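Q: I am attaching a structure below and will ask some questions about it afterwards.
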Amino acid sequence: MSILSLITAPDPILKKVASPVDTVNDSIRQLMDDMLETMYHNHGVGLAAPQVAVSKRIIVLDLSKVDIKEDNITNSEYKYPLFMVNPIVKAISNQTATAKEGCLSLPKQAIEVSRYHEIQVTYLDYYNKLTTLNAEGWLARAIQHEVDHLDGILLVDYLSNLKKEAALNTLSKIKDAAYDK
């Protein structure tokens, strides 16, 4: 496995709608393995292919190390890591929850986002098997966050123009400080 370079805002690839994958083959599995390694290396819980400069509809997730205690949901209900190709999300109920989210493509930013609390996601798994998963709470939030990346939507897109500009300016200063070292 390899650690891939992370793409950060405002890179234009993050604003493109990613292309569907025809079939999950060995090269797609290798990409997913590399994405997972990259996610772990950067202490993330989810990663979408556009975040590593690949415009394909692929996400990986692993919330197993996140301490989740909400609505009697435990992480042990899900088998991690999750590999999702061409995920399609459908809300199961209209109930939403608002919480702060971080993003590997927007380092050191935490942005409040309202998302569906309970979803159903249909996707091709690691072995090209069509799979349906019902998720709620933080897993539902993480899936929706990563699917946003596949649709060219970033966390800052949920902010007003003024707050979005401030967040991107902060990110620019962080990048400049890192570059100067």
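Backbone N, Cα and C define each Cβ position, glycine as well.
Here Swiss-Prot flags GLU146 as active site. The Fe cation binding site annotation in Swiss-Prot covers CYS103, HIS145, HIS149.
Burial and contacts for the listed features, if you can.
A: In sequence order, GLY46, LEU47, ALA48, ILE59, LEU61, MET84, PRO87 make up the list of same-chain residues 6 or more apart from GLU146 (active site) whose Cβ falls under 8 Å from its Cβ. A helical conformation is recorded for GLU146 (active site) in the three-state DSSP classification.
Of all Cβ atoms in the protein chains displayed, 22 besides its own lie within 10 Å of the Cβ of HIS145 (Fe cation binding site).
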Q: If the Fe cation site is taken as the center of the Cβ atoms of CYS103, HIS145, HIS149, which further residues of that chain fall within 8 Å of it by their Cβ?
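A: Counting only non-site residues, the set is GLY46, ALA48, GLN51, GLU101, LEU104, SER105, GLU146, ASP148, LEU154, LEU155.
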Q: Give me the count of other Cβ atoms within 10 A of the Cβ belonging to CYS103 (Fe cation binding site).
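A: That number is 24.
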